[in-house]
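Right, one structure below, let's go through it.
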Amino acid sequence: MQQTLSIIKPDAVKKGVIGKIVDRFESNRLRVAAMKKVRLSKCDAKAFYAVHSERPFFNDLVDFMVSGPVVVMVLEGENAVAKNRDLMGATNPKEAAPGTIRADFADSIDANAVHGSDSLENAKNEIAFFFATREIC
Ligand code: CMP
């Protein structure tokens, strides 16, 4: 069993597809162990994506992530980190395989509908960033 962090980004929340995205996870044996809707501050977004702080897209990424509410979740299941990334599809929706979340709901590499942890170690850090242990069931 693994846990991973998933974020439904502002574009997908604005489109009203929270339920459709959660269904992809639940239909593929990823259980929602914690969930909340939050509006990130600029400080939150910069800290969460600190690993990308030197990348040219960093400021646009931060501005996008604070442009509206997001839904953050802890997903739990067998091989959850890799399974979530398979379900999401490639970062750039133009390259995402048909039937993946980004192929179906994302518009661009910036507005790409979802974020998912890319390793078990990052999953632990990202989950701790958003959730106290008592909030995870
Ligand atoms: P995410 O999985 O949330 O991780 C970092 C985000 O930066 C990524 O999704 C994209 O939305 C955004 N981004 C914008 N441009 C790029 C790029 N060239 N390479 C990777 N990520 C990018």
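Backbone N, Cα and C atoms are what each Cβ position is placed from, and that goes for glycine too.
Of all Cβ atoms in the protein chains displayed, 20 besides its own lie within 10 Å of the Cβ of His115 (active site, pros-phosphohistidine intermediate). Secondary structure at His115 (active site, pros-phosphohistidine intermediate), as computed by DSSP, is strand. Annotated active site, pros-phosphohistidine intermediate per TrEMBL: His115, in sequence order.
Neighbour list (Asn112 (ATP binding site), Cβ cut-off 8 Å, at least 6 residues apart, same chain): Lys9, Asp11, Thr91, Asn92, Pro93, Arg102, Ala106. Positions annotated as ATP binding site by TrEMBL: Lys9, Phe57, Arg85, Thr91, Arg102, Asn112.
Among the features that TrEMBL reports, domain 'Nucleoside diphosphate kinase-like' is placed at 1-137. Confidence in the domain 'Nucleoside diphosphate kinase-like' (1-137), given as mean pLDDT, stands at 98.
Once the Cα atoms of Lys9, Phe57, Arg85, Thr91, Arg102, Asn112, the listed binders of ATP, are compared pairwise, the greatest separation found is 21 Å. Residue counts for the domain 'Nucleoside diphosphate kinase-like' (1-137) by DSSP state, with H, G and I taken as helix and E and B as strand, are 64 helix, 26 strand, 47 coil. If you take the C-beta of Phe57 (ATP binding site) and look for same-chain residues 6 or more apart in sequence within under 8 angstroms, you find Ile109, Asp110.
Contact annotation for binding-site residues (Lys9, Phe57, Arg102, Asn112) versus ligand 1: Phe57, Asn112, each with CB under 6 Å from a ligand atom.
A 10 Å cutoff on Cβ-Cβ distances gives Lys9 (ATP binding site) a total of 23 other Cβ atoms nearby, all chains included.
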